[in-house]
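Worksheet: the structure to be examined is printed underneath.
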Ligand SMILES: Nc1nc2c(ncn2[C@@H]2O[C@H](COP(=O)(O)OP(=O)(O)OP(=O)(O)O)[C@@H](O)[C@H]2O)c(=O)[nH]1
Ligand SMILES: [Mg+2]
C-alpha cells in the first residue's frame, strides 16, 4: 500500500461566497500555503489533511465561479485547475463542489457542468445552519439521487460535517472513473438545457420554508430601499472614512517615525568618507527606505478600510451595497461590483485595482481599473494640504463651512465625478454593449466569524505588502538614480537635483508646462513625485532648498512661505487640478500592467490621465488668471 506516499488531490469549486475558503480553513487548519499561480495574479491556496484511513489529502482552494465558461481571470484559473490545464498543476483526483445551501439554484448548474468533466465528486452543502434557520426544506436523498453525487451537509465556520466530508473524499478517491473524457466548453444550447435541468432538480428537491424568513425580508426592505437604503449606505461610508482618516493617524505617524529612525540609523552606520559611501547611503536612505516607507505608511489606512469591507462583506451587506450602487453607477457604465474596488482606491489605488478581480465581465473590470486611480488616494493629501494651506484662506463661508475644508471636499468630488464621466466615455468609445446585468444572489445575513475576519485581513495586508515591495523597489531605485545622477559640477550653486536627470527632464519639460502656470521647480518636483505622489512635497523642499520638510515642521512652514511668495494663486490652483487627474504614481501603473497583463491598457490610462490633468490645469489656470489670480 503506497496511498500515503502520493497525496490525493482535492479541489474546492463553487460559487463566490459559498464558503470555500471557510471550508478550506476548517479542513486544513494551519497547514496551508499561499502563493500565486504562475503567470497570473490569482492567489493559490493549498493545504493538507489526513483521512481516518491514513490517506494524505492535499486540498486546493479555488476562486469562486458561476460556470466553467470562464469570464474573469479568477474563473479561468478555476476552470483550468479543474480540467488540469494549469501549468505546473496536476489535475484534481476528487472535486468537492461547495454549495451555499440557501442559494442552490445557481450552483446546481455549475454542478452539472462539473459532472460533465467526469471526475469523482462530492457535494458539500455548506451554510446548512442558515438553511435550517430559514426553514428551507431540502430533500437530501432525492437531491443525491438526482445528481448522482454523494452529499455532505456542512457548516464550515463551526467545523460541522468536516469529518464526514473527509470520509466521503476518502471514499471517492478510491473509486474508479473514466479517464480520457475530453471536456468541451458548453455552448448556449447546452447551458440552456443545464439551466432547465437545474430548475427541474430545484423544484423536485427544495421547498421554500413554510414560514418565509420575514426578518431578512424586513431588513432588506429597509437596506435595499432606494432612499433609506442609500442614506444608510452613505452614513456607513461616512463612519468608514472617519475611521480611515482619524484612527489610522497614530499608526501612520509611528511608521513614518520608524522609517525616519531607520534612515537615520543607516546614516549613522555608513561612513561619510570616500566617493562611494555617501552614494550607498543616499541609495538606501533616500531611495529605498524613503520610497518603501512612503508606500507602507498607507498600510494602517488600508487595513482599517479592509477591516470594514471584510466585516460588511461577512455580514452579507456588501452584496446589497453593490446592488444599491448598481443602479447609480450603471448609468455611468460601471458595474455594481465596481463599488468595492473604487472604495478601496480612496486609501490607495493599488488594492483598489487588485480588488477589481471580483468583477466577472472583462470590460466591466477594465473600465473599473481604468478609473480607479481617479479616486482621491491618501497620497494626494499631503500635496493638497500644502497647497491649500498656502493659498486658501482659513475662512468661514455660508456661515458654517470652512473654506479650506470645502476646497478639499471639492477635490474629492472632482475625482468621483470625473471617474463617472470617464467610465461613461470609455463605454461610448470602446464598447457599446450594456453593462452586464447584476447577477449575484443576495446572501443571507450572518454574524462574521472573528477568526476568519482576522485571517482574511492578514492575508490581504500581506498581499498588498508583497506586491508593493516587488513593484516599488525597482521603481524607487530608478527614480532615485534619476534625481541623483549626474552629480552637480564643481562650485555649483543650485541644489544638486537641478543638475540631475530629473533636473534636465524638468528643464526640458518646462515649456510644455508653462501654459498651465508651472515653473521649473514644480516640473522637477513632478519627476520624483512619480514614485509616490506625496514625495513631490519633499522634492519641492529640495528644489527650493528649504531643508528636509519631512523631518521638521519649520521646514514645511518655510516651504509654504516660499510657495506663497513665489507662486501665484492661479499657479497653486493649477497644481491642485493637476494632482486630481495626473497618473502620478508608477507603482499603480505597474500594478495595472500586471493585473490587466497588458501594456496597451496601461498606456491608455497614462495618456488619458495626463491629458485630463493638462486640460484641467490649463482651464483652471486661465480662468484664475482672467479673474485676477495671476
Ligand atoms: N453561517 C455560516 N457562515 C458561513 C459558512 N461557511 C462560510 N460562512 C461565511 O460565509 C462568508 C463567505 O465565506 P468564504 O469562505 O469567504 O467564501 P468563498 O467561497 O471562499 O468566497 P470566494 O473565495 O469569494 O468565492 C464568510 O463570511 C464565512 O464566514 C457556514 O457554513 N455557515
Ligand atoms: Mg475564497
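Backbone N, Cα and C atoms are what each Cβ position is placed from, and that goes for glycine too.
TrEMBL annotations: computationally assigned, not manually curated.
Model, not experiment: these values are computed from the prediction.
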Match it up for me: which of 197-219, 404-426, 427-449, 496-518 does TrEMBL list as transmembrane segment?
404-426
Which listed span TrEMBL calls transmembrane segment, if the choices are 164-181, 254-271, 524-541:
254-271
Looking at the stretches 254-271, 283-312, 332-356, 567-589, 601-624, which one shares the most CB pairs under 8 Å with the transmembrane segment (368-392)?
332-356
Run the contact check on the transmembrane segment (567-589) against the transmembrane segment (227-248): 3 or more C-beta pairs under 8 Å, excluding pairs closer than 6 in sequence.
no
Can you work out which residues elsewhere in the same chain, 6+ from the ends of the transmembrane segment (601-624), have a Cβ less than 8 Å from its Cβ atoms?
366, 369-370, 373-374, 418, 422, 515-518, 568-571, 573-583, 589, 592-593, 630
